[in-house]
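S.K.: Let me give you the structure first, and then I'll get to my questions.
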Amino acid sequence: MSRGDMAKPLLGHRSTEGDPSITPAAGRTIGVLGSGDFARSLAIRLVCSGFKVVVGSRNPKRKASLFPSAAEVTFQAEAVKKTDVIFVAVFREHYSTLCDLADVLAGKILVDVSNNTEINHHKESNAEYLASLFPACTVVKGFNVISAWTLQSGARDGNKQVPICSNNQEAKRTVAEIAQIMGFTPVDMGCMSSACEIENIPLRLLPAWKIPIFLALGLFLCFFTYNLIRQVIHPFIREQKNKLYKIPIEVVNTTLPCVSYVMLSLVYLPGVLAACSQLYYGTKYRRFPDWLDQWLQHRKQIGLLSFFCAALHAVYSLCLPMRRSHRYLLIETAVKQAVEKKMNIWVEEEVWRMEIYISVGIIALGLLSLLAITSLPSIANSLNWREFSFIQSTLGFIALVISTLHTLTYGWSRAFDENQYKFYLPPTYTLTLLVPCTVIIAKVIFSLPCIQHRLLRIRRGWEKGRYVKFVLPSATGEYSSGETSSNV
């Protein structure tokens, strides 16, 4: 980035007039200790947000060209004297080099932006360690979850939250004010004991995706093995035919829709189990088991993986006619028909089945695409709760029903053909129908007025066996109190 580009504003100044807890602070001087990539990006963002920036470096003359011209680059001691808020953009192992500045740092607010290389690498967090080295300073943990690239490009891809913690409320308020003016969303994480958790955030690799990914891989391996036995091993043992060429495309393409279909049903199955639990116990205040609670929290990731498998299935299906093996089989079939002098091979039932099968599959994929798009935070934030619930719940259930029709039209009457039971194993699609059909039947039962009304009452706070006080007038005109069970 050229020096001219550094001077250009990345984001317009964010108005703070609507928030009484945040007062404008642009124009104040902010210090940055360090001259690495993050310190440089931080200085650029602070300058573009309207702050005066002074950078403290051990070699200011050599590092000055790396920073925007609006930022003052000087020695560390001089930079500390010119500001009360200082971003410490150095690694933990270099904190001790700042001990010579302890006297001039006394009473200052130090913002620790460092991270570790491993989760819980040290017994105490970097921020707590920094606070122990400088007890006369107020340390605030923050900005460690923001990358140098984000600082330069701006928070353009949705809200960028900045977790902040400190034992001093006024210091947290000051840093939160700076973060908001820079275009980020400060999140108060409490006292300094939360610093360790904040420092672990950037080190976690898709923590909410681990269980759904392992679930998808497990289903894929199970269905892949099942299809491999039916499509490759069975013809080799029974007919001595080599069908290994089916593994890369055909077997995988048979497996992907199975995984997608079952994963989609697993999005709505925990809701069915939760409703059954509420109906059985007659209350919404009883805590769900931990496994069900975790299942409910991972529904978004499970749904996105379902869409991913469905999209791959569509691509694989489009590529089926491109295979060399398909062309050879097509020519072989044409030659056999010519030898047998078959002029008309049109089968009306098969034609209609495939037309309906493909059409319903396209609709199902379109609905899954809509569900996936509305799962994105930037899209979900633009919808109110009723709109989001309608798309994710109602349209999602419709997508499950249409996917079931897609599966049934694919199978058609094959479930009743004994030749389809290879090694006495039923066709794969019949296995995939078990969980989705269970969910659909349960949803239909819950939609019955008697059950739907009871479930709605429970979710509005009604409890089975709870006694409610009431007041009735007596024969003398006086009022007497009594009790009745709410389930009467």
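Each Cβ is built from the backbone N, Cα and C atoms, and glycine gets one as well.
What TrEMBL records for this protein is below:
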- 29-116: domain 'Pyrroline-5-carboxylate reductase catalytic N-terminal' (DOMAIN)
- 259-401: domain 'Ferric oxidoreductase' (DOMAIN)
- 1-23: region 'Disordered' (REGION)
- 211-229: transmembrane segment (TRANSMEM)
- 261-281: transmembrane segment (TRANSMEM)
- 302-323: transmembrane segment (TRANSMEM)
- 356-376: transmembrane segment (TRANSMEM)
- 388-409: transmembrane segment (TRANSMEM)
- 429-451: transmembrane segment (TRANSMEM)
S.K.: Can you give the mean pLDDT for the domain 'Ferric oxidoreductase' (259-401), rounded to a whole number?
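M.R.: Computed over the domain 'Ferric oxidoreductase' (259-401), the mean pLDDT is 93 on the 0 to 100 scale.
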S.K.: Determine how many residues of the domain 'Ferric oxidoreductase' (259-401) DSSP places in helix, in strand and in coil.
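M.R.: So the domain 'Ferric oxidoreductase' (259-401) is made up of 119 helix, 0 strand, 24 coil.
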S.K.: For the domain 'Pyrroline-5-carboxylate reductase catalytic N-terminal' (29-116), how many residues does DSSP put in helix, in strand and in coil?
M.R.: 39 helix, 23 strand, 26 coil
